[in-house]
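Comments concern the structure below.
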Amino acid sequence: MLDPLIRGRLEQAGAQLSERVPLSRLTTLRLGGPAAVLAECPSTDVLVAVVRLLDDARVPTLILGGGSNLLISDDGFDGVVVGVADAGVELGEDTVLAQAGAVWDDVVAKTVAAGFGGLECLSGIPGSTGATPVQNVGAYGVEVGSLLRRVQLLDRTTGEVRWVDPSELGLSYRTSVLKHRSDALVLAVEMTVRPDGASAPLTYRELAVALGVREGEQRPTAEVRDTVLALRRSKGMVLDGNDHDTWSAGSFFTNPVIPDASLPPVLDAIKAKVGEDTKVPQFPGNPGTKLSAGWLIERAGFGRGYPGVESPVRLSTKHTLALTNRGQASTSDLVALARTIRDGVEAAFGVRLEPEPVTVGCSI
Ligand SMILES: Cc1cc2nc3c(=O)[nH]c(=O)nc-3n(C[C@H](O)[C@H](O)[C@H](O)COP(=O)(O)OP(=O)(O)OC[C@H]3O[C@@H](n4cnc5c(N)ncnc54)[C@H](O)[C@@H]3O)c2cc1C
């Protein structure tokens, strides 16, 4: 129960408070028990004031954007879930400045409509702009880290607001110093965009093929956005309430990066199981070698739709890397499926997959 004095101060600061809110309504997996309190912050100023108040009072908090990279326990969260809602977006000559609460795909659509290039490969990723640096979101050969000019943070240890250079954020493949930590809150991001209307160079083969260009070429940004959205829809990677294949957190496991010394035994184990002539998909891991988690899951015996129609949680029928809620699932069902997949891949190939979503009150 929130102290009535703190409750009053939060309301005075502009937060809209509700109690016992099912978090399953606020996550794309549609899983998670109740939040003791949900504090919705309509502007970034309110967000700063609310988080400072909660931190001063040492109230446990969970920052919630679009809930698309969160796996929350069935017990919910016994503290204040802070909703980030400021959707402000400003376009400059070759920049876009977006508040943390802006829906990421709206920001992408707005830059594309204004004739700016750079963000189009990141079309269709759900969630808020403030969460994009947290795991350095990426798709189709582009990561948000390559676009960031500066990021505005609230330092929750001092209460100070400051702009930081992206080099301070430790951005790398699906992670940053912000992930799995709560001492900094992203308030706004500023990105560099291309004013010439051309896309980023198209480095991702599947996308280049779909557009009929060679890798490294560019296309008009709107054409690339449409093609990315079509590719993503075919994989259940664009949210659609009517399609249970999209009731997910996107890719559930990151692609494993294997250190050079460990690669030969891993490749031997894969070939022993799958066949000596198998061509194992490999990508630069910088350092090490990145393998495809989805490919490994399939080769370990977990096909699309696993474990079958009776189960409340299944691998997506369109994409083996997405774990999905078929409508009646609980978080513990999903955790059990994730463990089965992770342990099966490890037993088959000696590769341990790591979950991509942030877990709250549960672990895989
Ligand atoms: C269908 C689908 C497809 C997806 N495709 C991709 C993809 O192609 N590439 C990709 O990288 N990801 C993908 N994702 C994952 C997810 O959309 C991204 O990670 C997204 O950036 C999460 O944003 P969110 O606002 O929903 O974050 P949330 O799920 O609300 O939060 C995730 C984490 O970030 C923290 N957080 C949220 N906002 C802030 C903030 N302002 N400051 C500090 N911390 C914050 C939260 O506390 C939590 O720890 C996909 C997810 C789904 C459901």
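The backbone N, Cα and C atoms fix where each Cβ goes, and this holds for glycine too.
What TrEMBL says about this one:
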type: ACT_SITE; residues: Arg174; note: active site
type: ACT_SITE; residues: Ser251; note: active site, proton donor
type: ACT_SITE; residues: Glu356; note: active site
type: DOMAIN; residues: 30-196; note: domain 'FAD-binding PCMH-type'
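Neighbour count (other Cβ atoms within 10 Å of the Cβ, all protein chains): 18 for Arg174 (active site). For Ser251 (active site, proton donor), the count of additional Cβ atoms within 10 Å of its Cβ stands at 22 [all protein chains shown]. Sequence-distant neighbours of Glu356 (active site) (same chain, 6+ apart, CB under 8 A from its CB) are Asn69, Gln135, Arg174, Ala249, Gly250, Ser251, Phe252, Phe253, Thr254. The secondary structure of the residue listed as 'active site, proton donor', as reduced to three states from DSSP, is coil rather than helix or strand.
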